Amino acid sequence: MEEKIVVTGGKPLQGKIKVSNAKNAVLPILIASLLGDGESKILDVPHLTDVDTTCSVLQHLGQEVARQNGHIMIRTVEPTSFEAPYQYVRRMRASFLLLGPLLARYGRAKIPLPGGCAIGSRPINLHLKGLEALGAKVNLEHGHVEANCRRLKGAQIYLDFPSVGATENLMMAASLAKGQTIIENAAEEPEIVDLANYLNAMGARVKGAGTPIIKIEGVKELLGTTHTPIPDRIEAGSYMVAAAATKSDLTIENVIAEHLKPVISKLKEMGVQVDEHESSLRIRPGEEELKAVDIKTLPYPGFPTDMQAQMMALNCICKGTGVVTETVFENRFMHVDELKRMGAKIKVESRSAIIEGVKNLSGAPVKATDLRAGAALIIAALSTEASTEIGALEHIDRGYDNIVGKLQEVGASIERIG
Ligand code: EPU
């Protein structure tokens, strides 16, 4: 029988929930460890299938990977293979980030084209354009990207769009290139800053991460180091929205509030009370019924696309009409049909979803169409007394560490069956 999450909601959550460290920081950092000589230790890594996939792909390349008490140790050796198998890249697009480090350190790499995925076509043209500017010879053949180079050479690169992955791939590659690289219109996400901090701790010279212009002075070699990744702002945001949807008084720990500004601001606009503390946030219900809000996703520091589905679920039970516009991915509305199965009133017009709030959603069998859609459905299910069954859990397992256990601990009636 297919595994399912069964939720019977309609009651407030209570207490404290601790956020894990960020998936989207950990994955590039694990891959960046390839750049360094010796051992890297990445501390407090979340238990996620995407992390397992990354470890498997590193092992496939011949690297020594060990896991202990939630930490991951990687000892780099001369790779036994320079090719990432399709089985991994297909499962996890972040495997494409291997291209930059392998090229920069060993001058060769072969990675299958990741292809489209549920949320959009997700091309890799910006990664390739940047690596070519650094001197790589790139061939696209038989569904693979094959790239070679002598030592990469610093260059000035303008990204047409501030792609997170392209910025990361280029920052890693440029760290071992000869001379200076300037990435303009770079992504500014906190995960980019975390990767830059990790690279700098390895001996790289990266400046300006977190701004649209990143300058990298290439160095000859990098050394393994120890690093604790930043907290997961999207996991935190998901629990904040779950608290709002259940009118709960919930404290969320291991949070950097600065990273959550657009989410905090939208929740306050809806009428949720958010108290910011040193490394935690307390969410409390406001006096009035929650109001629907308009949301437009944008690259950081704009509203994150990775929180769009969860906020849409909340808008479904707010008073009034809210318009959610997705500008980052072209097809990230697959949760709409699932939310509609639960009684939501949503109309999609091009890149916008118009949501007319209803008093209550009803339970229904639904499926997680992607990772964040899965979180949105759990939130919708927690808001209603009816029982909801959520399938396709492999998506949720990619990015939420023990979501069922964490929600049980704050009093949710949620279980995994099958
Ligand atoms: N794009 C291009 N060309 C490129 C690269 C990207 O046109 O060469 C386009 C994409 O098609 C997309 C947009 O640029 O429309 C943004 O893509 P980006 O490269 O910024 O995204 P990513 O690096 O593939 C990361 C996260 C995603 C998150 C996005 C946007 C990781 C492992 N993944 O993806 O996380 O949605 O940035 O913030 O860091 C998730 O965690 O659920 C997730 C999908």
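Residue 1 is the first one shown; counting continues down the chain.
Even glycines carry a Cβ here, placed using N, Cα and C.
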Listed in TrEMBL for the UDP-N-acetyl-alpha-D-glucosamine site shared with Arg93, Val328, one of Asp294, Asp306:
Asp306
Pairwise Cα distance for Lys23 (phosphoenolpyruvate binding site)/Asp306 (UDP-N-acetyl-alpha-D-glucosamine binding site) [Å, integer]:
12
According to DSSP, does Cys117 (active site, proton donor) fall in a helix, a strand, or coil?
strand
Which of the recorded positions Asn24, Cys117, Asp306, Val328 have a Cβ less than 6 Å from any atom of ligand 1?
Asn24, Asp306, Val328
Which of Lys23, Arg93, the listed binding-site residues, has fewest other Cβ atoms within 10 Å:
Arg93
Number of other Cβ atoms within 10 Å of the Cβ of Cys117 (active site, proton donor) across all protein chains:
14
Among residues Arg93, Asp306, Val328 annotated as binding UDP-N-acetyl-alpha-D-glucosamine, what is the maximum Cα-Cα distance? Answer in Å.
16
Starting from the Cβ centroid of Arg93, Asp306, Val328, which together make up the recorded UDP-N-acetyl-alpha-D-glucosamine site, report each further residue of the same chain whose Cβ lies within 8 Å of that point, ordered by sequence.
Ile119, Arg122, Val164, Thr305, Phe329, Arg332
